[in-house]
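**Q** Sharing the features that TrEMBL gives for it:
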| type | residues | note |
| --- | --- | --- |
| BINDING | Lys7, Phe8, Gly9, Gly10, Thr207, Asp208, Arg218 | ATP binding site |
| BINDING | Thr51, Glu116 | substrate binding site |
| DOMAIN | 378-438 | domain 'ACT' |
Amino acid sequence: METKVLKFGGSSLADSNQFKKVAEIIKSQDSRRYVIASAPGKRDEEDQKVTDLLYKCYILSENEEDIDEVFKKIENRYNGIIEGLGLDFSLKEEFDKIRTSILHHVGSDYVCSRGEYLNSMILAEYLGYEFIDAEKRILFLEDGSFDSEKTNLVLSEVLKDNRYAVIPGFYGSMPNGTIKTFSRGGSDITGSIVARAVDADLYENWTDVSGMLMADPRCVENPKVIDFITYKELRELSYMGASIMHEDAIFPVKQSGISINIRNTNAPEDNGTMIVPEVDLNGADRIVTGIAGKRGFSTINIEKDMMNIEIGFGRKILEVLENNNLAFEHLPTGIDTMSIIIISDTIKDIKEKIKDEIYEAVKADNVEIEDGLAMIAVVGRGMVKEKGTAMRIFSAIKDASINIRMIDQGSSEINIIIGVAETDYIPALKTIYSEFVE
Ligand SMILES: Nc1ncnc2c1ncn2[C@@H]1O[C@H](COP(=O)(O)OP(=O)(O)O)[C@@H](O)[C@H]1O
Ligand SMILES: N[C@@H](CC(=O)OP(=O)(O)O)C(=O)O
């Protein structure tokens, strides 16, 4: 029998009307057997996500402030859904337990995870599916990383006895039993983990847009939908800010070669985007599959005459970063210069320390740290066989009178990354999009 795993994001489960659409989608195919639910998301621009409200309660309680007003808002969200669906079902005992836990200062991960826990209970009740908790089934290791193999064993064992089930997204357990969440947006990862555990034929990721778009719709007007995209391209784009899917959601399905179909809960008739292991390169009808970007990067510029012949120069610099627990994004080099691109937030409080340590480590002539950089990734499997793509990007940027501050091309040749000033970020995205799409 065909098996599909479906993940519904917060926007798809934000109120009872959305729940009804979701149930209709699930019930329309017998193969739609395992459902991962997120916490209720925003109903409109001004609304708040339940995960954010829960976190607010956690902070209030930590500061010994009253949580009642915010906690009431959370209860009202769930009670509104239950009433709207006409269910004879109450979460009162669960609310009391969570409230008491918050007042007793349980960990923030436990508090934030309750959004998906409660929403999944309602959805299971509404569908008549089994509720299978992620606690003790999605497992983390002592160091906080995800325990992929053990989870796969435990989860496949539980799910093989349940033909239809709802599983909360976003969290699992530490070896000592406490709840741990993935980073924000992590229900996408849970969906991928479940798809692997049941060896699904397809992982459907249901959201509020009709697939992965060629650019962020908040920056470019009406971007086109991507029909097919490879795991590798998706990883590049999601890491660089195409926030439709969590950047780590690809790994569990990649191990079994399961495709992901991004679909729109509000337009279920649309085909959406298929994310596949590989597609025939000659089949790529576009050179560029998608464009994504992020603001908030800094550059550490290091100058030293003849650094090019100094053995161990790079290692000494990277050691400074490692000793300060800093990851770097890119490392463009010249003959006597090296630049390190780094996320601004990670370095903001230790800039002078890092500069001093680099001076000390390599006896540099000059070290400067510059903020305000945005990075844009132009990604496409079609770029490998096409000449002149870089030239087209650069001339489009030049024609828009934008200065390029950094260039990096990955060795797989499926992406070109450029750095521009944050103020030039949106104009640069727009001009690259119109060069390749319009
Ligand atoms: N390249 C892109 N394609 C589609 N959506 C994108 C892209 N980049 C950013 N987004 C944003 O991602 C949103 C969907 O992700 P998210 O809010 O996490 O949904 P969900 O609540 O369903 O998990 C879209 O509404 C859109 O604003
Ligand atoms: N509710 C969590 C996890 C999640 O994945 O949500 P969503 O599917 O709405 O992005 C968050 O807001 O981060």
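Start at 1 and count along the chain as shown; that gives each residue its number.
Backbone N, Cα and C atoms are what each Cβ position is placed from, and that goes for glycine too.
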**Q** When the pLDDT values for the domain 'ACT' (378-438) are averaged, what is the result?
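**A** Within the domain 'ACT' (378-438), the model's average pLDDT equals 90.
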**Q** Which binding-site residues, if any, among Gly9, Thr51, Thr207, Asp208 have a Cβ under 6 Å from ligand 1, given in order along the chain?
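**A** Checking each Cβ against ligand 1, the ones under 6 Å are Gly9, Thr207, Asp208.
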**Q** Could you give me the DSSP helix, strand and coil counts for the domain 'ACT' (378-438)?
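**A** With helix first, then strand, then coil, the domain 'ACT' (378-438) has 29 helix, 13 strand, 19 coil.
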**Q** Among the binding-site residues Phe8, Gly10, Thr51, Thr207, Arg218, which have a Cβ atom lying under 6 Å from any atom of ligand 2?
**A** Gly10, Thr51
**Q** Let me know the most crowded of the binding-site residues, choosing from Lys7, Arg218 and counting other Cβ atoms within 10 Å.
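**A** The largest 10 Å Cβ neighbour count belongs to Lys7.
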**Q** May I ask for the distance between Gly10 (ATP binding site) and Thr51 (substrate binding site), taken between their Cα atoms and rounded to an integer number of Å?
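**A** One finds 9 Å between the Cα atoms of these residues.
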**Q** Between any two of Lys7, Phe8, Gly9, Gly10, Thr207, Asp208, Arg218, the residues recorded as binding ATP, what is the biggest Cα to Cα distance in Å?
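**A** That value is 23 Å for the farthest Cα pair.
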**Q** Checking the contact step here: among the binding-site residues Lys7, Thr207, Asp208, Arg218, which have a Cα within 10 Å of the Cα of Glu116 (substrate binding site)?
**A** none
**Q** Let's check the environment of Asp208 (ATP binding site): how many other CB atoms sit within 10 Å of its CB?
**A** 17
**Q** Within 10 angstroms of the C-beta of Phe8 (ATP binding site), what count of other C-beta atoms is obtained when all protein chains are considered?
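**A** For Phe8 (ATP binding site), the count of other Cβ atoms within 10 Å is 30.
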**Q** To see if you understand the setup: which same-chain residues, six or more apart in sequence, place their Cβ under 8 Å from that of Gly9 (ATP binding site)?
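**A** Long-range Cβ contacts: Ser38, Gly41, Ser187, Asp188, Asn205, Trp206, Thr207, Asp208.
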**Q** Taking only same-chain residues 6+ apart in sequence, whose CB is under 8 Å from that of Thr51 (substrate binding site), what do you get?
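**A** Those within reach of Thr51 (substrate binding site), by Cβ under 8 Å and sequence separation of 6 or more, are Gly10, Ala39, Cys112, Gly115, Phe170, Arg184.
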**Q** Look up Glu116 (substrate binding site) in the DSSP assignment and reduce it to helix, strand or coil.
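**A** Glu116 (substrate binding site) sits in a helix per DSSP.
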**Q** By the DSSP assignment reduced to helix, strand and coil, which category contains Arg218 (ATP binding site)?
**A** coil
